[in-house]
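As annotated by TrEMBL, compositional bias 'Low complexity' applies to 278-292. Taken from TrEMBL, the feature domain 'RING-type' applies to 53-91. Residues or ranges marked as region 'Disordered' in TrEMBL: 1-41, 225-294. If you look up TrEMBL, you'll see 460-492, 546-586 marked as repeat 'WD'.
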């Protein structure tokens, strides 16, 4: 999408009639035939205005007189006559041969200049001038002057030293205050850390004790004869009847030798079982140790961001009332834990849980010899059972998600296909009517479809240019909003044939999104680099304009009612607080300078595409990527070539799941899942 740039309008300034003659050049005619300046005071405000050159409006230098009686600077009149053969004052014909030195005016100018200098000169200048002119001064007077000057110099040096000392003292006081504040902050942080270490140690000891209790119970159950005898009963169902009889003592009393042999066999089998259990326990312990090491490495790799996250949460939440602390159900409180520590542990757990993206399914619809493969939008339906794709192929395709994942095939066929007249830019499922989906296209048409009948229910054609984005309200199933290159945001109702609300803006609209908690609020991303947050009950001006992106805002998505994420072609994602109207965090790592590469969010993670043909995942509390996945060939050389040719074009999380749909400009669709 081309970015629209509008230069600021500079209001016109009316010229001052008193200075309008400046800069009009040598061809300007003066009404004053005697070389008047028209009331200008340029260069020498205290000199007679008749002593100014009518051309340059400065004191005449090297005065020359014309045949018509006007005086000019020599260089000014010579330059003028090269372009035009007339007098600048009276327009009488004039040539270089009709110019004569004006010695009288030069002498007058020198005297006037000297008087002017004497009036404006400082005492030091006057004294220097007197010495240069050779005034009579005795040796004693010179000695007195030198003594006076030496005293003056010492006084000035002392004052300068005092000023420097005061500046240094002010700096040191300021530095001391800053360092004391930092020390107090560090001491407070250390106190928080000490309290949290004690709380975590107590909780860890409780966990060890609980584990020991469970281990004792397991050993007791393992040594209980009734428990051991219960196992053969289970084996009897698998066909081992003879062994079960032997173990239970079901053989005849006289067959003592057989019992002895079977007892040895039983003992050996118990030994093998113990060895297997021990080896299984060792392998499990080794696996857990490797996972723990990997998680620790991820912590050290992002230690600065995690440290900032911990301190921020600990400082902000330490003084919050208990009632406010209880409001967030996603954070599990433990006895002795502060709310900030519990919140940070939740962040640390989710952040270190995953380290890679694993492919669980892939759909290849793209033709490598055909350019119309870009998937512009990919979206799950209300129940995450179906997902739809759309793009430049002029077709909406609907797939069954479970079929794609559980029945992989080289070519997966959609269960529904709906052809459109134009290339599609965006899709949005209705979160109440399962079978309804809205689309926006390159001709500016917004269409509501019924997937069951494969027919359009409503078509809105009010946009004058390409419509980039459309979104259904989560709280009002009949309401949807769209944004277009015509700089208009339109709100539609499926019960009405025309738009019910229109917002005119000054730049192209790239994206629109309803707040999930209310149909009264929408976020609008624009080519003016800003996000405009509107209350639709009063559209005269936005509630707030979020600034920070350096280029067009391509996507806006809500993580919650108060958290808004945005993507831009400045290669950043940003997180905003729409309740307090504050910037929260900036995410960097992917590359996005010219294309729409997709953005999707859930309660904890943000994911977007990159122009390097990679998918990036960020945790909302950490500014650097958690992980990424590259589309294309496993061969490094081929992958680098493809990275320059293709880009990720659409992404979508599955609700409350680490699973994500992704698509690229080649037409390849992948189902990815976060893995350890």
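Our numbering is plain: 1 for the first residue shown, then up by one each step along the chain.
Backbone N, Cα and C atoms are what each Cβ position is placed from, and that goes for glycine too.
Keep in mind that TrEMBL annotations are predicted by a computer and have not been checked by a curator.
Here the repeat 'WD' (546-586) has Cβ contacts under 8 Å with residues 1, 3, 508, 510-513, 515-518, 521, 523-533, 592-603, 606, 608, 618, 620-621, 623 of the same chain, all six or more residues outside its ends. Along the repeat 'WD' (546-586), the predicted structure has mean pLDDT 95. Taking H, G and I as helix, E and B as strand and the rest as coil, DSSP gives the repeat 'WD' (546-586) the counts 0 helix, 24 strand, 17 coil. DSSP labels the residues of the repeat 'WD' (460-492) in these numbers: 0 helix, 18 strand, 15 coil. DSSP assignment over the domain 'RING-type' (53-91) gives 10 helix, 9 strand, 20 coil.
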